[in-house]
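Asks: Can you read through this structure? Questions will come right after.
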Amino acid sequence: MLDGKQDNGNVDSVDIKQRTNGGGDEGDALGSNSSSQPNRVARMPVDRNAPYYNMNHKHRGMAIIFNHEHFDIHSLKSRTGTNVDSDNLSKVLKTLGFKVTVFPNLKSEEINKFIQQTAEMDHSDADCLLVAVLTHGELGMLYAKDTHYKPDNLWYYFTADKCPTLAGKPKLFFIQACQGDRLDGGITLSRTETDGSPSTSYRIPVHADFLIAFSTVPGYFSWRNTTRGSWFMQALCEELRYAGTERDILTLLTFVCQKVALDFESNAPDSAMMHQQKQVPCITSMLTRLLVFGKKQSH
């Protein structure tokens, strides 16, 4: 457990020069390359070697929830129970200090427009950004009210070169959606900013400081209870309530994965194929420091 004295980045810097490999670095890729303007400069929110993200800005930051219940696409059923997810997530994020905005049933163009507008805002006084999407999905695509779109449309505009006021800050994406139609039958296991600091400036990759959490692994089904909400959101909200101000986010998400994997099993006795199925979330982290939603200090 971390106490109120946890260091959020106000540490004495250590003058460690950027590691070089003596030349000869090559990329493991074919074809032409494009650059993301590496010479752009953004404000340094935390010392170069700080172990924790600075979560002591004036505001925690924006939390955006795209909640999809109904669709114009005839093949997609209404997502009964998603409002439970949206309400529970909104409540727990507010307790962690986020400014939460919920958007129900937006069309693809509306989502894209709001994402771009958010990226153009000044996030200098914010700790981080959080985006959650509750919807139907398939492998490599999510559904808006009217059509599908690629998941990376959600974070494309928030890379450090496009949104410099979030450079060096956590950008978190939680996606509750199927990633395919494969089922997991499981297996039984038996017992046999700191201004004025002496730290020098440093460069970071534009895709650093992202975390993307999908409710299930690529190609697989994601389960939702029509009364209690989706398994992933139930577990995420419970862990955020229990230890959101104490555990770092990757440790917390490890226990979310544990809860989904062990505590949930589909109950569909009328369908042998769908009955007693399992699920586990899939976490991709480009975070470069530990992230803890510690209690906000007064400013």
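Heads up, the Cβ atoms here are built off N, Cα and C, so glycines get one too.
Here's the feature list from Swiss-Prot:
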REGION    1-45  region 'Disordered'
ACT_SITE  H136  active site
ACT_SITE  C178  active site
Asks: Test of understanding: give the count of other CB atoms lying within 10 angstroms of the CB of C178 (active site).
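Replies: Summing over all protein chains shown, C178 (active site) has 22 other Cβ atoms within 10 Å.
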Asks: Would you mind listing, in sequence order, the residues at least six apart from H136 (active site) in the same chain with a Cβ closer than 8 Å to its Cβ?
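Replies: Long-range Cβ contacts: H68, F71, L76, R79, L142, Y143, A177, C178.
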Asks: For H136 (active site), what is the secondary structure by DSSP, using just helix, strand and coil?
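Replies: In three-state terms, H136 (active site) counts as coil.
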